[in-house]
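Features as listed in Swiss-Prot:
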- 1-10: compositional bias 'Basic and acidic residues' (COMPBIAS)
- 1-31: region 'Disordered' (REGION)
- Glu71: active site (ACT_SITE)
- Asp84: active site (ACT_SITE)
Amino acid sequence: MPYGKIEDIKTSGASDVTAAQDGLKEGGWKSSHRMAEIDSNRMENYRTIINEAGRQCDVDPAVIAGIISRESRAGNQLINGWGDHGKAFGLMQIDVTPPPNGGGHTPVGTWDSLEHLIQATEILVEFIERIKTKFPRWNADQHLKGALAAYNKGEKNVESYASVDAKTTGKDYSNDVVARAQWYKSNMGF
């Protein structure tokens, strides 16, 4: 995969705030792994389309699974495919809020379709390219982690690698997604 090697990325995992949403006592990568595990049965339902979206977009399927787990808990937090009070769509929660406050994306496919996963993964790839341009000295793993933060809050909010999650939801988005993706890679073979 040209966009970093998820299993090699250092991560602190979920924040205490994110972990508490699942009744977990403290944050960290163990809590991220536990949340990924909780979502694993639902995630299995999407394995085929996750793998296909990864293949078509040349993105590690484990990264896609990590985003799905964080964004929608593998669909469990969606109402008719919508989340974030109607501002985000699908398993990967693409932002439909008009710019400048949102991504302004028009959803493609149904909320749980291959078309949706390809659209959302292409958005991630676009953020990878923007982060590469913004931070040309970063390595591929750093670009991926920065792009994950940008997927959540836009590339303008990624100011340095040391503070990659400073402006993300829970101040942990990329670290949590990386840890969840690592769990899916190791335990479900994504």
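Every residue, even glycine, has its Cβ placed from backbone N, Cα and C.
If one looks beyond the compositional bias 'Basic and acidic residues' (1-10) by at least 6 residues along the same chain, the residues whose Cβ comes under 8 Å of a Cβ in the stretch are 58-60, 62-63, 66, 125, 128, 139-145, 147, 178, 181-182, 185-186. In terms of DSSP helix, strand and coil, the region 'Disordered' (1-31) has 11 helix, 2 strand, 18 coil. Taking each Cβ in turn and tallying the other Cβ atoms within 10 Å, the top scorer among the active-site residues Glu71, Asp84 is Glu71. In this structure, the C-alpha atom of Asp84 (active site) lies 9 angstrom from that of Glu71 (active site).
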